[in-house]
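**Student:** Sharing a structure with you now.
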Amino acid sequence: MNPIGSTRLYCLLGNPVAHSISPAMHNLAFDTLGLDNSYMAFNLEPDDLAKVVDGLKAMNCGGFNLTMPFKTSIIPLLDEIDEVASLAHSVNTVVNRDGKLNGYTTDGIGFLQSMTECGIQYKGSTISMLGAGGVATSIITQAATEGVSKINIFKRKNATFDKVVDYADKISKATECDVFVYDIADRDIMEFSLQESDILINGTNVGMGDDDTSLVPKEFLHPNLTVCDTIYHPEMTRLLKDADSVGCKTMNGKFMLLYQGAAAFKLWTEQDMPVEIVKQKYFI
């Protein structure tokens with residue numbers, strides 16, 4: 001559909017965004033359903049977020065997605081925030097309802113749905129999570145509410161470490177999932193955690209693009225471990241290559257992108273994304 005004067009804008013805000021297939025995915029869905037909407041991606045500098053959001057609001061933008069590094073910094077700019085997004089302290093989808101900006105997180109929903117799509121059983125499991133940024137906390141929060149038994153978070157012991165410990169305690173009290181936080185530099189604890197874990201998830205950007213590194217020593221991986229990455233560019237990160245070479249089941253972030261996008265699409269349009277059409281075009 002060619003944009004006209006009445007076309008409503010939706011968009012992605014992040015840095016970088018050049019690799020994103022979100023515009024293609026959402027525009028195909030809009031066109032398939034005959035919706036007079038258009039989706040674009042904008043690469044922003046961190047200091048420009050507030051000005052851009054004010055501009056989008058002034059233009060009556062229907063909504064937008066957030067990717068790195070804006071999933072937390074967007075929160076003070078919103079009028080309302082969903083309970084799960086508040087617990088995760090992460091927002092990746094904003095809906096403009098009559099000038100009020102409402103924040104949600106669909107990352108966790110999308111990731112768990114992609115695990116189901118790939119035949120990965122997560123209920124009752126023990127998960128080791130690398131990172132505690134916006135994507136990671138969204139997945140942790142959703143997983144804890146959907147029956148995962150235990151989650152071990154590994155992150156750098158920096159200025160935000162104690163905040164993540166408080167977050168883990170909050171999730172543990174709000175759900176039936178035990179959540180713990182460890183220093184990612186402690187290799188002994190990481191090795192022990194991976195031995196007891198059913199699933200390992202990389203929720204960081206380590207391995208994205210040309211970065212051919214991994215946060216996990218290859219010798220810590222074992223065939224009984226399912227290894228997942230939230231990254232989809234490249235499709236096989238160093239972590240996934242190492243996991244595949246030792247016989248682990250692996251999953252990248254490609255279908256997470258599809259299903260989190262479908263959930264965002266539903267929030268914006270109150271219609272179901274034509275997932276099979278989008279999947280066949282861009283994901284298979």
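Placement of Cβ uses the backbone N, Cα and C atoms for every residue, glycine included.
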**Student:** Which of T105, T106, T230 shares the NADP(+) site with E83, G131, A132, G133, G134, V135, G253 per TrEMBL?
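**Tutor:** Given E83, G131, A132, G133, G134, V135, G253 bind NADP(+) in TrEMBL, the matching entry from T105, T106, T230 is T230.
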**Student:** Out of N2, N37, N43, N92, which does TrEMBL tie to the same shikimate site as S20, I21, S22, T67, D107, Y232, Q260?
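**Tutor:** Of N2, N37, N43, N92, N92 joins S20, I21, S22, T67, D107, Y232, Q260 in the shikimate site that TrEMBL records.
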**Student:** List which of the recorded positions K71, Y232, Q260 have their Cα within 10 Å of the Cα of V135 (NADP(+) binding site), in sequence order.
**Tutor:** K71
**Student:** So, by DSSP, how many helix, strand and coil residues make up the domain 'Shikimate dehydrogenase substrate binding N-terminal' (12-94)?
**Tutor:** 34 helix, 18 strand, 31 coil
**Student:** Would you list the DSSP helix, strand and coil counts for the residues of the domain 'SDH C-terminal' (256-280)?
**Tutor:** 20 helix, 0 strand, 5 coil
**Student:** Please give me the CB contact count at 10 A for G133 (NADP(+) binding site), counting all chains in the structure.
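**Tutor:** There are 20 such Cβ atoms around G133 (NADP(+) binding site).
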